[in-house]
Amino acid sequence: MARSFAQLARSAEKSSSSIAVPKEPLETAPLDIHTLGDDALRGDARRIGKVDERVRDLARDMLRSMYTASGIGLAAPQVGVHQQLLVIDLDFETPSTPPLVLINPEITTCSASVDTYEEGCLSIPGVYLDVVRPTAIQLSFRDEMGRPRTMKADGLMARCIQHEMDHLRGVLFVDRVTDAGGLKKELKDHGFLATDVRPITP
């Protein structure tokens with residue numbers, strides 16, 4: 001049976017295997033985050049075969065880099081690692097709430113209902129635009145210990161997971177923006193090129 005994010009968080013709080021790191025910005029992030037225009041963002045990520053300490057160390061460094069950049073989600077391809085690994089923390093102001101680590105995530109069900117919400121991305125700093133996505137999802141994944149999990153998510157969590165999972169296929173949120181004029185202006189205003197966008201069909 002699929003569990004909600006809240007249930008997963010409570011389970012992680014009871015577990016000694018949590019990979020949580022201090023939710024504080026560092027003077028220098030351990031990993032560089034690639035930005036729009038870098039080829040590193042456009043490849044397909046590989047599934048992770050063995051979940052070991054190396055994977056957990058990467059997840060920790062991703063979290064440290066994410067907190068340093070004041071983000072709520074980060075995918076491994078954004079730091080130049082083409083593996084199917086995501087870290088998410090929507091409650092970064094609460095130290096006791098563990099982050100969510102998703103390894104080899106697969107969305108199994110999407111809601112028929114969709115909503116529109118403004119998105120941003122650590123790989124396109126300063127740019128915020130509306131994107132349409134399914135309101136709710138169900139997914140399967142492995143946690144930081146390699147255990148198989150399922151969960152349901154809606155609202156911001158569902159959107160964040162979908163956004164980060166796009167990175168595993170070389171897709172950026174700007175590829176989904178339908179307001180071409182607004183997109184071009186936002187990108188130009190923040191030093192990015194519209195030619196680096198690869199529009200996809202919603």
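Including glycine, each Cβ sits where the backbone N, Cα and C put it.
Among the features that Swiss-Prot reports, active site is placed at GLU164. Residues or ranges marked as Fe cation binding site by Swiss-Prot: CYS121, HIS163, HIS167.
In sequence order, GLY73, GLU119, CYS121, VAL131, ARG133, PHE173 constitute the residues six or more apart from HIS163 (Fe cation binding site) in its chain with CB-CB distances below 8 Å. Of the chain residues outside the Fe cation site list CYS121, HIS163, HIS167, GLY73, ALA75, GLN78, GLU119, LEU122, SER123, GLU164, ASP166, LEU172, PHE173 have their Cβ within 8 Å of the site's Cβ mean position.
Residues within less than 8 Å, Cβ to Cβ, of HIS167 (Fe cation binding site) and separated from it by at least 6 positions along the same chain comprise LEU41, ALA45, ALA75, ALA76, PRO77, GLN78, LEU86, SER123.
Classification of HIS163 (Fe cation binding site) by DSSP places it within a helix.
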